[in-house]
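Colleague: For reference, the structure I am asking about is given below.
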Amino acid sequence: MERIKELRNLMSQSRTREILTKTTVDHMAIIKKYTSGRQEKNPSLRMKWMMAMKYPITADKRITEMVPERNEQGQTLWSKMSDAGSDRVMVSPLAVTWWNRNGPVTSTVHYPKVYKTYFDKVERLKHGTFGPVHFRNQVKIRRRVDINPGHADLSAKEAQDVIMEVVFPNEVGARILTSESQLTITKEKKEELQDCKISPLMVAYMLERELVRKTRFLPVAGGTSSVYIEVLHLTQGTCWEQMYTPGGEVKNDDVDQSLIIAARNIVRRAAVSADPLASLLEMCHSTQIGGTRMVDILRQNPTEEQAVDICKAAMGLRISSSFSFGGFTFKRTSGSSIKREEEVLTGNLQTLKIRVHEGYEEFTMVGKRATAILRKATRRLVQLIVSGRDEQSIAEAIIVAMVFSQEDCMIKAVRGDLNFVNRANQRLNPMHQLLRHFQKDAKVLFQNWGIEHIDNVMGMVGVLPDMTPSTEMSMRGIRVSKMGVDEYSSTERVVVSIDRFLRVRDQRGNVLLSPEEVSETQGTERLTITYSSSMMWEINGPESVLVNTYQWIIRNWETVKIQWSQNPTMLYNKMEFEPFQSLVPKAIRGQYSGFVRTLFQQMRDVLGTFDTTQIIKLLPFAAAPPKQSRMQFSSLTVNVRGSGMRILVRGNSPVFNYNKTTKRLTILGKDAGTLIEDPDESTSGVESAVLRGFLILGKEERRYGPALSINELSNLAKGEKANVLIGQGDVVLVMKRKRDSSILTDSQTATKRIRMAIN
C-alpha cells in the first residue's frame, strides 16, 4: 500500500509522467538490456556516437612519442587527458590517418601468407565469370554446405594443436602431432611465418580458416561446393539467380569430388569380388587421393554420399542415421513401424517376398534434383509433396516414393518378369527389382495409380499421370509444391555394422545402405587417384591391366623369383594375376597355363635354362587352372585394343618388348620399368650352369685336377670340389652344394665371387 502511495505521489509530478510516457525507454526489460553486461547491444549505434566525439579511440601511452600532437593542418591528434579507468591516452581518428600516411612501414611479405584465404578468394573472383540474371521462382532447400574454400580437413583438435605449435611454440601444454597432414602443415607454416610481425591472435584465426572445414545449414538452389557458396549472396535471391562460373578450384572441393569417385569405383569393384568386404578394405587402404591415403581422408572428411558412407562403415566409422533408397536420402521425421515378411503377386503373377513396414510414418526425401515429404501407412501412400528442378526430376521422386510405399496397385502394375541382377550377376532384392522396373518405364504405374479431385491450396498443384500440372485433378495423394524440403540438418553420427556383402545396418537392424544404392554416374576425378590394389587395374581398361601386371612382377621380382623356384603354386594363386585372366581368351586359358607351367618346371630342372625375361613374360598365363595337354605354343594371345595381340614365347613383340642393352621393358610401347636380369644369364647361360647348386670357392687350384667342362660337372658328388672352365675361358674352383635349399642364393652371390676369383 505504501509503495502505491509513493508511486501516485511521483506520478502527480508532471515531469515524471512526461518522462515515463514520452520517452521510448519505458520498459524495464529494455533498460536492463542496455545497461547490464559487458556485451555491446547496439554496436553500430555505439560506433556512430563514439565517432562523433573528438577522441573516441584509446591507445597505449607510447603513441605520444610516435605521433606528433598536431598534424600539418594544425588539428590535434591526441588529448593530454588520460582515459578514465586505464593508463591509456585518448586519441582522435585523425591520428589513424596520420599513422597510415606517415607511420613506419614494416615488411609486407607475410600478408599474402597469413591472409592466404582472402588473397585466394580475390583471385577466384577476379577470374570468375558472372553471367546474366534470370528472374524465376527459386526452389531453395537448406543443405549443409562448406562455407570455407581452400581448407585442409583437420579436426578441430588436430588444428588446435597445429596452431599452438606454429603460433605459440613456447606455450606450455602437451601437443601431439601425429597425422601426416598435421606434421606437413606445421613444418610448412613455421617456415612461411618466420619473423612474422602480424599479431599472433590474428595469425591463429587465419590458420583456423585454412585448416578446419566450417559448415553451415543454408538455403541453396544450385551448386553446393564451397566456391559457389562463397558467392551465394551474388548468385541467388528469392526470385532471381545469376549465372556464375568460379575462377578457380580449391583443394577441399577437389578432395570431396575425387573421394566420391574413388569410393564409387571401389564399392562397384568390391561388390563383384569373392569377398566384397575384405576386398573393399584392401582397396581403401591401398588407394591414395592427391597423394593422401584414402583412409586418412575418410576419417576426416564429412562428405555424405552412399559409396563414401559404405567405405566409412567398413572402417568402423560412424555415419549418418538416414538411409538411402533409389538415390534419395530418407530421414524418418515421425511415426514408427515393425517389419514383417509378406508374399505378394505381381501383375505377371510372379511371387515376390517383401519386407513390409507396418505402421504410420513420415519421411523427408532429399535427392540431387528433387525433394519431397512422404506420409505413408502400411502398404499405402497417404501423401507425397514433391518439389524439383524439372518434370524428369519430379517423376523420379514420385516413382521412388510409390515403390517405397509398397502399395498393391504398384506391384500389380508390373508387366513382364522381374529379373534384374547386380554387377556380380546376383539377383537384386525385390524392392530394388521393382524400382529398376519402374525406373525403366513408369507409364503403367502412373496410369493405374488413380486420380482424385483436389482443393486449391496456395503453392501446390496437382500432377496428372502424364506429368502435366493441373489445378483440378491429381494422381492420388500426390502434389507438386513450389517450396523445397530441407535436407536433414543434424550432424549426428551413429554406430553401424556392415556384412560381407557391404550391406550397412543400424543397431536396430534396418538396412541403411547397400551397393545397389551406389550411383553408376561416371565422372573424371580432379585429383589423381592412385589405386595400388590389383583389383582396380581394370578400371582403365585392358591395357592398364597388362602394364600393371608386369610392373607388379618387376617391382616384386626378388620375392617372386624365390617363390617361382620354391613354391610355384602359391605364386600362381596370387590375386595380382586375377585381372590378367580376363585378357586371355577363355577357351584356351587352361591350355596356355598347362603349357607355361610345364615350361617353368623344365627351367627348374635343367641347369642353365633360367631366363628372367621369359619367366616374367609368361608368368601371368600360369595363373589360370591348368589343363594338361601336349600342345606347344610359340605365341600366346591377349585381348587388348579391341583385338587379339600376340606375345611371343621366345623373343620380343609389340606387346612385350625387352631391350637387353638399356634393360628397359616396354609393354604396348609404354615404359614398364627396368628389369635387371640375373647376372648369371648375361654370359649366354654358361655361368648359370656353374652357379645353380655349386659354391664358388675362389681361383683355380691345380691339386683338384684339370678344368672340367660344364657338362662334366653333373657327375660330381655332393661336397666334392673341382676346377671348372666358365664364360670366356676363365677357370675357377667350385664345390657341389651339400644342401639343395641354398641353391637360390647362389645366383646372387655367384657373380661377386666369380669376379673376385678371376681378378
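Here the Cβ of each residue, glycine as well, is placed from N, Cα and C on the backbone.
Okay, these came from Swiss-Prot:
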type	residues	note
SITE	K627	site 'Mammalian adaptation'
MOTIF	736-739	motif 'Nuclear localization signal'
Colleague: Going along the chain, which residues six or more apart from K627 (site 'Mammalian adaptation') have their CB under 8 A from its CB?
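Modeller: The list for K627 (site 'Mammalian adaptation') reads G590, Q591, S593, G594, given in order along the sequence.
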Colleague: Indicate whether K627 (site 'Mammalian adaptation') is helix, strand or coil by DSSP.
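Modeller: The residue in question, K627 (site 'Mammalian adaptation'), is coil (DSSP, three-state).
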Colleague: How does the model score the motif 'Nuclear localization signal' (736-739) in terms of mean pLDDT?
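Modeller: Looking only at the motif 'Nuclear localization signal' (736-739), pLDDT averages out to 71.
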